[in-house]
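First the structure, in the form of structure tokens, and then the observations on it.
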Amino acid sequence: MTDRALPCCESGVTLKIIPCHDHFSLIHSPMHTSLTFLSALKVHHTYLSQKATSSVSFSTHAHLKVRTCSSRADGPQIAVVGGGVVGLVSALRILQDIPTSKVVVIAEKFGSDTTSHGAAGVWGPYKMSNTDESLTNRLATETFDYLTDLFYSEDAVLAGISLVQSNYLCKDNDPPPTWYQSVFNLHPMSAKHLSLFPAEYKHGYVFGNVTCEGRYYLPYLSDKIKGTDRGTLIQARLPSLRALCSEFMTASGIPYELKFDAVVNCCGLGAAELVEDREVYPIRGQIIRVRAPWITHHYVAGDFYIIPNRNSVVLGGTGQVGNWSKNSSIQDRKHIFEGCCRLIPSIAQAEVLEEWVGLRPGRSSLRLEVEIMDVGEGGRKPVVHCYGHGGSGLTLAWGCGGDVVTMLKQSLQLL
Ligand SMILES: Cc1cc2nc3c(=O)[nH]c(=O)nc-3n(C[C@H](O)[C@H](O)[C@H](O)COP(=O)(O)OP(=O)(O)OC[C@H]3O[C@@H](n4cnc5c(N)ncnc54)[C@H](O)[C@@H]3O)c2cc1C
């Protein structure tokens, strides 16, 4: 008898049968695949594999029918750590693209306590350190295309999506960054338009852009996740990924029967502690929200930016590397106000609504990769790291979520 491959219709998995003296060896590769063997005597044997590759032997005298099915009726169970835009988008994309999955989002902070909530959410890669430019551009373009589609859907209001005109002012004659190709109707600013700004700005670009306001987008994502009936949000601080064990889960109200097949780590700046990543650092950003409904365009000039949001206009900003202070500073306020007033003098008339300081999750470069790690008591599991988005979390999140799904499918052999 020769080797033969046995296709298994339920899972699409092919089992390899290898004759060996007086027994067969069945080799299969998917993780967590339950094999049910039915012998001629109608004796049922169930074999549950936890390994990537494993084999089981049976007598050649048995007439075997082989059936595979997922060990979990509902598919893989995934823990997503982080309730900011990156964690929530990843969770939603997993639920959408792996229809049998269950996802538990575990985060110390949700909503207004996250950095993502405070961001004005204008699209545009910013403060990405040494992240590969082509990677940034691909992720940003996927996100731009998704957000603009969302704008032209009924969900635009709930999700906090608006279209804006962006005006980028430059002091020299640098060509526009390559990601400009993703946007709508990019063109150089006319001399007439340029003449309206301070003289040091020698040229500029104008294009159609999108904003995605964290304060609306996060609740929208949370509702979408919960609405699937396969997604749960749990507030808890995880001291390490090893802590993802029964004791922690019971204490945190996570159903004990959940045994995670994989973890997605979207903890932003929290990675400095959670996975002891020494390459993570804060980039402190202070902003002022003002009431200025007459300002409907977005402006960027060096450190300064003016971003129209739905109920306010955001003035910024600062980008202080290594500064962990979340207190607003009087000097920064003055710097931001004066800089923005030089661009649009009428801002001096605007009512100040609030000030906010957020710490952008800086890193030497974006971490988007799989690592096999000891997780809780379940042994070694795939952990997809997705953090270090600097000033671009809302700009990149949807694209990153797509890569997270691909990495999960590869790691769990669901492709
Ligand atoms: C002033 C300012 C303006 C900005 N403007 C823009 C903009 O216009 N456009 C743009 O694209 N980006 C902007 N950003 C950047 C953007 O806000 C970030 O890149 C983005 O919020 C990062 O998202 P995140 O989900 O990785 O992190 P976060 O929103 O910080 O979320 C991290 C999550 O991980 C959780 N967590 C961390 N550690 C643990 C742990 N041990 N256990 C459990 N949970 C944990 C936290 O509680 C939180 O839920 C701005 C940032 C600032 C500060």
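Here the Cβ of each residue, glycine as well, is placed from N, Cα and C on the backbone.
Taken from TrEMBL, the feature domain 'FAD dependent oxidoreductase' covers 78-402. Taken together, the residues of the domain 'FAD dependent oxidoreductase' (78-402) have an average pLDDT of 94.
In sequence order, GLY84, GLY268, LEU269, GLY358, LEU359, ARG360, PRO361, GLY393 constitute the residues six or more apart from THR115 (FAD binding site) in its chain with CB-CB distances below 8 Å. As annotated by TrEMBL, FAD binding site applies to THR115, SER116, GLY390, GLY391, SER392, GLY393, LEU394, THR395.
The D-dopa binding site annotation in TrEMBL covers TYR305, ARG360, GLY391. For TYR305 (D-dopa binding site), the same-chain residues 6+ apart in sequence whose C-beta sits under 8 angstroms from its C-beta are VAL122, HIS298, TYR299, VAL314, LEU315, GLY316, GLY317, CYS340. When secondary structure is read from DSSP and collapsed to three states, TYR305 (D-dopa binding site) falls in the strand class.
Counting other CB atoms no more than 10 Å from each candidate's CB, the binding-site residues GLY390, GLY391, GLY393 peak at GLY393. Of the listed binding-site residues, namely SER116, SER392, THR395, the sparsest CB environment within 10 A is found at SER392. Highlighted here are the binding-site residues (THR115, TYR305, SER392) whose C-beta falls below 6 Å from ligand 1: THR115, SER392, in sequence order. Excluding the listed site residues THR115, SER116, GLY390, GLY391, SER392, GLY393, LEU394, THR395, the same chain places VAL85, ALA119, TYR126, ARG360, PRO361, HIS389, LEU396, ALA397 with Cβ atoms within 8 Å of the centre of the FAD site Cβ atoms. In this structure, of the binding-site residues ARG360, LEU394, the smallest number of CB atoms within 10 A of the CB marks ARG360. Secondary structure at ARG360 (D-dopa binding site), as computed by DSSP, is strand.
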